[in-house]
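Here is the structure we will look at.
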C-alpha cells in the first residue's frame, strides 16, 4: 500500500491525471525508450503504462512515421499513408544525453522532423522545439489528419489542453498544407511575421519610454517585489540560450530531468537578444 500511495502523490505533483483514462489507444503509437528520465515524470512511460504506446527494441525498425533528428523534412499531410500503415513513433531520451542515442539502429523509412511548435509541458513550457514524447506524437497525429485523436492522447495529462491552446493556430496551418515544402514555406512566413511583430512592439515600447519625459523624475518601482514574481510573469515565448538549441535542427521529442532544466536556465541570457537570434536562425535554416 505504501508504494502505491507514493505513486499517486508523484503523479499528481507532475501534472498527470489519475489512472481512470482508457487503457488503449485507437491508433498505433510507439517509442524507443532509453531510460534516461524519471519514470514518474516521463510522458512516454506514462502513455506506455496506459497502453497507448508500445516500447520498441533497439535495432527494431518502424514502418510508420518516425519523429527523429535524422529526418530531412518536416512531417506533413503527405505522410498520412505512412501513418495509416504503421502509426507514429518517437525517441524517449534526455536532451542532455542525445549523443548516446544509436540513431543508426532505430528509425524507419519515413523519418521526419517536427516544424516550429512550442512546448507546453511543465519542464519546458514556452520553449520552441522542446516538445516531449506525448506532445510530439500529438503534433504528428494532428498534422497528418487526426486532430481528435491528438486531443484524446493529451487528455491523459493535466496540462495536455495547454498544448493546443499554445499551438492550435500553427497546427491548423500545418494540417492544411500539401507536403513538406509547403510546411517549410508556411513555417518561414510565420516566423518572419512573428519577428516583425516583435520588432514593432519593441519600437512602440521605446517610443512610449521617450514620450514619458525624463524618467529620473518619475517615482521608482519596488524592485524586490517585481523580481520575486519574475518567474511567474515570464512570456510563454521565453527562449533557452542559442547554445542549448544548437544541436536540434527542428525537434526531437524528449522528457527532461531536473538536471537538464537547471542547465537550460543557467544558460539563459538577455531575452530580447535570444529571441532575435533563435527566430533568425530558424528562418535562415529553411533557406538551406
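Any Cβ shown, glycine's included, is placed from N, Cα and C.
According to Swiss-Prot, the protein carries these features:
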BINDING   43, 91, 114, 129  S-adenosyl-L-methionine binding site
COMPBIAS  209-221  compositional bias 'Polar residues'
COMPBIAS  229-253  compositional bias 'Basic and acidic residues'
REGION    209-267  region 'Disordered'
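Of all residue pairs in 43, 91, 114, 129, the annotated binders of S-adenosyl-L-methionine, the farthest apart have Cα atoms separated by 18 Å.
For residue 129 (S-adenosyl-L-methionine binding site), the count of additional Cβ atoms within 10 Å of its Cβ stands at 21 [all protein chains shown]. In the three-state DSSP scheme, residue 43 (S-adenosyl-L-methionine binding site) falls into the helix class.
The Cβ of residue 91 (S-adenosyl-L-methionine binding site) has 25 other Cβ atoms within 10 Å, all protein chains considered.
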